[in-house]
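S.K.: This is the structure, below, for whatever I ask next.
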Amino acid sequence: MINKINFVKMHGLGNDFVIVHKRDLATVCNLSQLAKNMADRHTGIGCDQCIIYEEYNNVYTMIIYNIDGSNAKLCGNATRCLAKLIYLDTGKKDITIMVGKKKLLCNVEAANKISVNVGNVSFNETWMPSRDRIWAFAERYMLDLKETMCVDIGNPHLIIFSKLEPQDQKIIGQKLQAKELFVDGVNVNFAEVKDNKIYLSVWERGAGLTLACGSGACGSFAAGLKLGFVHSPSTVVFKYGNLIMQEEDGNIIMQGEATFVMRGEYYCEK
């Protein structure tokens with residue numbers, strides 16, 4: 001038996017997603033496996049993450065699957081993409097999206113100007129190891145880290161303010177998934193600050209190095225503010241574009257593009 005699943009593919013600054021409405025998945029039992037299959041760039045559609053969404057009482061809920069089938073707690077780029085899709089389908093400009101218990105307030109100012117208020121961030125959570133433990137771990141593996149800071153923005157991020165080559169970022173990103181340091185893994189951000197701009201590369205847990213990471217941009221901006229490296233507003237720079245970051249009353253607001261790629265049908269053999 002073959003199931004036909006309608007999907008939309010979008011990207012935020014190169015960070016790409018396959019988006020499916022939950023109503024099209026009534027006959028699918030294993031969503032995690034479906035996400036892995038759809039995300040495969042050789043045998044599926046290909047993406048960094050799969051997004052499943054639905055609406056209830058004018059609030060949208062979003063579930064995020066990584067390419068390994070695990071769940072992600074937050075994705076800023078996916079939030080902008082989903083907000084734009086909802087805008088294109090319904091005309092709504094003010095959109096509330098829930099990811100777990102996290103409420104994201106979105107505003108579509110124009111088709112390619114989408115703001116997301118991700119709320120406040122935390123620098124003191126139980127999952128965060130001490131700075132001394134991070135540095136001891138780095139010394140053991142001869143990792144060249146500069147200033148570091150842990151940030152929780154709904155998902156866990158480690159911000160490393162240091163310029164590193166992509167091959168070194170990959171090694172460090174993998175090493176820092178060690179259970180002894182971060183029990184559930186961590187998103188590792190490599191940030192370089194110049195003229196109030198943050199040049200950012202992110203190793204996402206469950207996905208690896210991606211072309212952009214919205215939650216990483218929010219976390220890196222928040223850490224940069226706390227350390228006095230940047231001021232609000234600031235710009236986070238990725239390979240395929242920028243995000244404008246602001247802080248208002250303790251809330252982090254991200255503004256950027258979301259690009260529609262295609263609508264299609266995915267055929268799932270049972």
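Note: Cβ is positioned from N, Cα and C throughout, glycine not excepted.
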S.K.: Out of Gln33, Gln49, Gln169, which does Swiss-Prot tie to the same substrate site as Asn15, Asn66, Gly76, Asn77, Asn155, Asn187, Glu204, Arg205, Gly214, Ser215?
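M.R.: As annotated by Swiss-Prot, Asn15, Asn66, Gly76, Asn77, Asn155, Asn187, Glu204, Arg205, Gly214, Ser215 share the substrate site with Gln49, chosen from Gln33, Gln49, Gln169.
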S.K.: Can you grab the distance from Ser215 (substrate binding site) over to Cys75 (active site, proton donor)? Cα atoms, rounded to a whole Å.
M.R.: 6
